[in-house]
Amino acid sequence: MKKLRLIAGVLVLGLSMAACGGAKVEDDSAAAPSASAAGSAGASAAGTVKIAINGWVGYEASAAVVSYLLEKELGYKVEKVTLAEEPSWQGMESGDVDVIIENWGHPDLKKKYIEEKQVAVEAGSTGNKGVIGWYVPEWMVQKYPDITDYKNLNKYADLFKTSESDGKGQMLDGDPSFVTNDEALVKNLKLDYKVVYAGSEAALIKAAKQATEQKKPLLMYFYEPQWLFNQVKLVKVNLPAYTEGCDSDPKKVACDYPPYDLDKIVSKKFADTGGKAYELIKAFQWTNDDQNAVADDITNNGMSAEDAAKKWVEANTAKWQAWMPK
Amino acid sequence: MVSAPVQVAPPVQAPARVRRLPRWVAPVAGVVAVVALYVAFRGKAVLPHDDDAAVFHWLNDARDWVDANRNSSPIFLYVVNYLRLGVSEIYTLIQGALVALGWPGLIGLAAGLGWLAGGWRIALVSLAGFAGVGVLGFWEASVDTLALTLSAVVLSLLFGIPLGIWTGRSPRVRRIVTPVLDVMQIMPTFSYLSPIVLLFLIGPASATFATMIYAMPPAIRITSLAIQRVAGVAVEASESLGATGWQTLRKVRLPLALNTIMLGVNQTIAAALSMVPLVALIAAPGLGVDLLRALARVNVGAALIPGVAIVLLAIVLDRMTRAAAQRRDGGGRARVVRWGGFAVLTAAGLVLTPVLAQEFPEQWHVQLVRPINDVVEWIETHWYTFTGFVNDVVAYGLLNPLQDVLTSAPWWLITAAVLVFAWRVSGPVAGVIAAGCLVGVAALQLWQHGMETLTIVLVASVITIAAGLALGVLAARSRWFAAGLRPILDAAQTMPSFSYLLPAVALFGNGRFTAIMASFIYAVPVVARLVEDGLRAVPPTVMEAAKSAGSTDRQLLWKVQLPMARGSLLLAANQGIVMTLAMVVIGALVGAGALGYDVVAGIAQQEDYGKGLAAGVALVLLGVMLDRITQGANGRRSPHKKRNA
């Protein structure tokens, strides 16, 4: 009898839990606004926008300007979450990220988070044109004119040898999280090179400056828009031309990177409830030169991201006023 | 003129030769055999790195399954997701409370607690420490870090102390729990980020879990020790008076063990704080974020300042809990003073909160980034030839040849050599475990990267142990040197290791040697301390006896002190190696490659997820292997804690 009651008790408990339906991860987002409200006691009532900050300064420049406008013009509070690219997408699911302000391609992530899980949506182009590729300092092209063709790279592999490259030429890459096919490229183009990861954008920039000033050979992964091109001359190495779909299998890639139309991604929740903040982010669109100006101020002119954004905003009123929600 | 004595016979005679093979024959034969086999089989049965291994795909599939079932599988709906919600609620609660106090309120509360724990001195330390964090310009990030640390510590204690009591009272439980704790502490903290993110996604909840794994073992171990130490007489007296087991625990055991348990709290807090930089990789807010960003910008100044803020928090919490752990006597009046001071200081802070500005006043900030970077720039431009030379010497002289050997030797030969070596040094059990770990690395298809990591760890350990030994010996022999060295070691030990990475990058550029230098700074203090303690512990009577027998200083060191301090030296080596492993992995962030890179990439790129997870497991295996080889030689390790990240 006693046992029976126990079983009944367990059953009731089980049923009541089933009635609750368990905890889904999105439930978290319901808790999030209360959290941010407690965190920003006294701030304006407009709400909080969580912007992911990825690891290159161009991204930060865009994020700085958008944050500045959100805070100063629309009265929002902005929380910046420093993250690598893919965890930022995951943050859309967990409720830690509302906005990715500069996205480079990532068709696989778009498929997973936008189509399948439906936790994110596209919010249009940033207006920036992205280029990824292999670069050498300009002096090398003057000295070895045929180096810009990938077919000649093996001839020069010895030049690029370092203590880290296992007796092969060194191909310097940046952060492990950046979009890169370089290991596959080296393998599939049968290049006598080893991909070495410097760890960050800043490390790449440092290497580029050193290679230019001290005339040291360097082959590296780099990208535009980037303020560095205003200071240091780099020349792109020609890989086999990009054709639609030639990079669809990441293990078999043997062609150059596609041209990127950089875009914005926001979480589904933010698109539905973000109000004016969402409208502003959707409308935000500028040029590579705009971004480089702000990025240059942050990196080389010792300005904080906020000051650099302020400077740009004050000088370009017409541009940003067009983004403002009516 | 008196002629010098021809030659003083060494005081310690070599043992008379016995008619059997000399002791060096077996090891030399072993080495010769290994070298011969290596030459014969070089390049055969090597396991080249394959990005596409079946294990990785399998793990990727597992990840995809979890992703697809996160909101439908009952395990997630009723267990994992609730854990995540609960923990993130705790964090939000603590963070909200700390923010609501306002900065004057929190400083007042800290000073009040300091007063309560240890009088005006500690109150002053708390006041200065918390105000200092604000002056450095990191108030908000520090509050987030504090909230994260406190939630992890509260949870660690909530589970750790009862578990510790249980372990303390039952030898059987102890036998089960101890090896688990061992693994939790040997495991490089990097290696469990991936699985935790898979279960709990990114954010403060995951960060709290990751911190708990590292911070809980000290709480359990020290509580268990405290309970075991409670005198049997007191327990018997209580039982003979008819107290129930629960009453004895509550009224006798716990009060008697309380001071030691407070030390456990102290260690738990220290361990939790050391995780701050690492959990920033999985989107935990706080000072770690600033450290990571500075790392990405190669900005030494910007990385040092949040490092200093973490140190300040660590000092305050350490002094507070340490003072609280000391047994206090005193009557009712002392108690009134204690609580009165606490109330006054806290109230003063709270009253100021509405009066003063919401945010920590910006004009009180001190700008240190620029001057630090000027110094760094000067060093970079002027020392570059030298540092580049050092980097190349170590890379071409040590790292590359060793790596060549390890990656070109057949995997079975290395495994067999490790088996025999570990067996001889630490016994058969250690030998089998160590070899088993290597087989595991091979089975995970990460043999080559595992050997590359091992190369870095071995070279870094050799450099670290040699330097630690030299420093420890010098410190043991000269009080002046010891006094001068102590503050430097203290600073190196409290500073979060992420902060060292950048000066190392500034000096040596990106690469393996940078990781080695960073791990050197991180691990040398512990090695030097253990060596010094060991040498100082040699009984003075033994020293006197040797001196009166005419030993020179040199003989004293080599024939008496070092042999007698063998236990401490082995422990120093063990700690040096394990800490180096923990740190070298972080070097992946500045281009050291190998398994550490796989782990970082696994967090950052979804097709690398499986490889990253496997690499994390491989790191654990390497850690256990190195630990077993080095620790068995002299029994159990002392409860000395390695610090991490």
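Just so you know, glycine gets a Cβ as well, placed from its N, Cα and C.
Since we're looking at a predicted model, the values are computed, not measured.
Ranges compared are B:336-357, B:490-511, and TrEMBL records transmembrane segment for B:336-357.
For the transmembrane segment (B:24-41), the list of distant contacts is 405, 409-410, 413, 417, 420-421, 424: same-chain residues at least six beyond its ends, Cβ to Cβ under 8 Å. Among residues of the same chain six or more beyond the transmembrane segment (B:192-215), those with a C-beta under 8 A of the stretch's C-beta atoms are 63, 66, 80, 83-85, 87-88, 90-92, 148-149, 151-153, 155-156, 184-185, 268-269, 271-272, 274-275, 278-279, 281-285, 599, 602-603, 609, 612-613, 616, 644. Between the transmembrane segment (B:453-476) and the stretches B:294-316, B:429-447, B:513-531, it is B:513-531 that has the most C-beta pairs under 8 angstroms. Looking at B:90-113, B:256-282, B:294-316, B:429-447, B:609-626, the range that has the most CB pairs within less than 8 A of the transmembrane segment (B:146-166) turns out to be B:256-282. Same-chain residues lying 6+ beyond the ends of the transmembrane segment (B:294-316) with a Cβ under 8 Å from its Cβ atoms: 110, 114, 125-126, 129-130, 132-133, 136-138, 141-142, 145-146, 149, 269-270, 273, 276-277, 287-288, 368-373, 376, 491, 494-496, 498-499, 501-503, 505-506, 589-590.
If one looks beyond the transmembrane segment (B:90-113) by at least 6 residues along the same chain, the residues whose Cβ comes under 8 Å of a Cβ in the stretch are 123-124, 126-127, 129-131, 134, 139, 143-144, 146-148, 150-151, 154-155, 204-205, 208, 316, 320, 341-350, 352-356, 358-360. Beyond the transmembrane segment (B:513-531), the same-chain residues lying 6 or more positions past its ends with a Cβ under 8 Å from any Cβ of the stretch are 390-391, 394-395, 399, 456, 459-460, 463-465, 467-469, 471-473, 475-476, 485, 489-490, 492-493, 497, 500-501, 504-505, 507, 565, 568-569, 571-573, 575-576, 579-580, 582-584, 586-588, 590-592, 596, 640, 642-643. Sequence-distant contacts of the transmembrane segment (B:429-447) (same chain, at least 6 residues past either end, Cβ-Cβ under 8 Å): 46-47, 49-50, 53-56, 411, 414-416, 418-423, 595, 598, 611, 614-615, 617-618, 621-622, 624-625, 628-629, 631-632.
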